[in-house]
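Below is one structure, written out as structure tokens; comments come after it.
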Amino acid sequence: MCSFSIRKSPNSSFIFPKFAPLLVRHCLTLPSLVPILKPPRFRVVASLSGTSWVSQASKEKYGGWALIEDEAPLPHWKSKKKWRNVVITGVGSSLSSRPIVSAASSTIDAATVSPPQSQILSTRRSLLSGETTASEIAKSYLSRIRLTEPQLKCFLHISENVLKDAQEIDARIARGEELGPLAGVFIGVKDNICTEGMPSTAASRILEHYRPPFDATAVKKIKELGGIVVGKTNMDEFGMGSTTEASAFQVTANPWDLTRVPGGSSGGSAAAVAARQCMVSLGSDTGGSVRQPASFCGVVGLKPTYGRVSRFGLMAYASSLDVIGCFGSTVADAGMLLHAISGYDRFDSTSSKQDVPEFQSQFLSVDSFESKPLKGVKVGLIRETLEEGVDCGVRSATQEAASHLEALGCLVTEVSLPSFSLGLPAYYVIASSESSSNLSRYDGVRYGNQVMAEELNKLYECSRGEGFGGEVKMRILMGTYALSAGYYDAYYKRAQQVRTIIRKDFKAALDQNDILISPAAPSAAYKIGEKKDDPLAMYAGDIMTVNVNLAGLPAIVLPCGLVEGGPSGLPVGLQIIGAAFDEEKLLKVSHIFEQTLKGSSFVPPLLPNVA
Amino acid sequence: MATRAFLAVISSSPNRCFITPRMIKNQASAFSSSSSSSALQFQRHSRKPHRISRSFSSETNSSVLQPPDISSLAKTARISLTPAEIEEYEPKIRQVIDWFGQLQQVDVNSVEPAIRADMEGGNLREDAPETFENRDSIRASIPSFDEAYLKVPKVLNKE
């Protein structure tokens, strides 16, 4: 019996906050601003230097773009008026006399909210047309980070070179040189991915001041294509956790409700994209660590096929399960980032030599869609994911998503994966075992924090005892147990055999269907501290995602609805699973789904009391 | 649904093992000898316990293996734990290992263990050394460094 109610706005079938259209047009997308005429109901939380209507005090306190917060329902005159998206050029610390350029206009009406636009493509357009410069965009992002970080705590480290990198892009544009596909794109990188010269700690004290001497292959590719690394995002220590509470340094808050977790282990990356502190970000997914936080934070999380992206430079947690994944505010952004980082790498022998198709051709404009753009696509809804134990809000959002797919022409049937429930224990056996081996390299001798002792074993024991957090130590001990002589057959080998069974079940289901769908998590974001003391309750939240890692398949999570909770509801995500190396189909279906989803735009409410 | 499965596991009594005194003695000797020896001896002893455990799995269900001994596991894993930590982790680890026990119920006869998901053969690169340019950065990360050597304290044989 569900005790919540779904608020329906006239033309949409999903919960949608009344004043969210306003948020859609402003604030958390690229340089878009409040109009000069400051209505009394709006509180400017950051001032734009150079405009006369902002108080001197706030001008000095903040620099850069203005964010607005609407605490009241829209007055009647606003709903009739057309808003203008304004892009301010020439932001500086002194008064600027450059004119305000109107970029676009739209009406605020829940039913006609335009589908989310790719930030990568719109950045490229504005840079090439001269509408704005990379340095201006950089300043806006840096000031937004400065404003929102005290509450959100998404980042462990902000790069010192953001402005410098942006200026380089501007210089390239001025010289008329060709720009890479990620030029001017601001990217957050999860802290377990090595970035040369920038601290990369995997959110652990044992690597507290460690600066890698090399870039991970994924980061190297991003830089080669013009992307700008904004900073390193918070995470659960070494990827072990589902809430980002297990970080040794700070707990990240969910931008939708500051008392709730953003999910884990890539919570910082997801929250940073949700709060528009960066455009896209990299995370890692071993058991759902990209997909579950994407669901909790209302952003798109894309997990590629195992072997699609090189793991060189990703600090290993479970080598047979780890992949690097992408976050974006739209499917197109996540897909374009994935394309940039994919490909065979000679430094990773598990990376695949399969061709990386051109994903961009899937991201057509909604205007060019036929009436039933997904006609003939067979979708399997996994029966075991909608049984008891899943929140009814999540269940109904998933069923609504299935209806939406049917409306687009898909043939949706229920499929059963009988081995589904075995995935969770098998995953935790494999992950603990492999991580106990992978984390043995952190011994305080060649890098990281060292606790000096009289004897070598003592040095290992003390460095690791003091450097690792509680969850990490527990998992290493569990893994050590499972791999001990006499126990290997009973645990690790058995789990490997269960992995074969699960792979076969998925393959059979994907032979009959093009894609499979399920919720991304059994509930929306929990409160901070809710699951901290009960490991099994924490592990239970991964039920929807671990099987996909065991089978090595690609999957995407995109927001499909809101459930009750927090100031404006909490997002829930739909997980779409594809066949191995078939990211193209996955992106095609999810892009069309996203672009045709009526009446919802997943932009979290701005932080109260920021000013 | 898996969540129902957990609740069933958690609520049932923690020790569903059917352990005979002989089994305990064999396992205890195998476990303690392997955990206290050096790595080399570890391998030498490993054959015997494998044979023992195989006979177990056919006649018993759930976890018949000895429950985890946190202190000796910590020694194997080279992690020092305070008594407070041992007290905190022991019940949690025991709970999770018991939960792992449900894998024993699965019929895995003639199922090949999968090392990982993909089936591509190892794409190995040529075994030829390459010079890494940024050696200074590597040196900068080393906690105790002296000229060309990493400094470590003396190595004592295990008692």
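The backbone N, Cα and C atoms fix where each Cβ goes, and this holds for glycine too.
The annotation active site, charge relay system is assigned in TrEMBL to A:Lys190, A:Ser265. The active site, acyl-ester intermediate annotation in TrEMBL covers A:Ser289. Annotation source TrEMBL lists domain 'Amidase' at A:136-587.
In this structure the C-alpha atoms belonging to A:Lys190 (active site, charge relay system) and A:Ser265 (active site, charge relay system) are separated by 9 Å. Under the three-state DSSP scheme, A:Ser289 (active site, acyl-ester intermediate) falls in the coil class. The Cβ of A:Ser289 (active site, acyl-ester intermediate) lies under 8 Å from the Cβ of A:Asp236, A:Gly239, A:Ser242, A:Gly264, A:Ser265, A:Ser266, A:Gly283, A:Gly325, each on the same chain and at least six residues away in sequence.
A:Lys190 (active site, charge relay system) falls within a strand segment according to DSSP.
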